[in-house]
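Sharing a structure with you now.
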Amino acid sequence: MDHQLTREESQRLMHLLKLPMEQYGNFPLMRKAFLRACKIVHPDKGGSDELSQELISLYRRLEESLPCLSTQDFIETDKVCLIEKIDYLTDWINCNFENCNKCLYCRLWNNHKSDPPFPKVWGYCLCYKCYIIWFGLEPCHFAFQSWMQIIALTPFCA
């Protein structure tokens, strides 16, 4: 990840994509916004050449910094899909201290702990703790609800 964007570049990219910073790392949504923004800022459509080049440059650098996704990077959905309703969090106390391993929160946290010890990046690790660290949020109900919405819209490999 040696071409990773700085915080200012990430904020600039999200501004150009017209997306809130909370959606940084939601790559399918960012891709759609990028394609839409390219049509708007393209010089042939009345946009600025500098703005178009900046958008493409930032987005290309972001894509280059993404790790290659393999089947090992995904949780196994056959275990999750056996449950009709996915439990995001079984019990806050049990999930934080005993690791119930039944809810999605614990499965992602266990995946976080089992990965190699290099620095974790939101988008590579989808656990709640990486989410709040990456976005600089305080652990609270609003942050948890926001994380759940992003996880619900994230496609997982089956």
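Every residue gets a Cβ built from N, Cα and C, even glycine.
So Swiss-Prot lists the following for this protein:
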{"type": "DOMAIN", "residues": "12-75", "note": "domain 'J'"}
{"type": "MOD_RES", "residues": "Met1", "note": "N-acetylmethionine"}
{"type": "ZN_FING", "residues": "95-106", "note": "zinc finger"}
{"type": "ZN_FING", "residues": "112-130", "note": "zinc finger"}
Restricting attention to the zinc finger (112-130), give the mean pLDDT.
72
What are the DSSP helix, strand and coil residue counts for the domain 'J' (12-75)?
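Breakdown, helix to coil: 47 helix, 0 strand, 17 coil.
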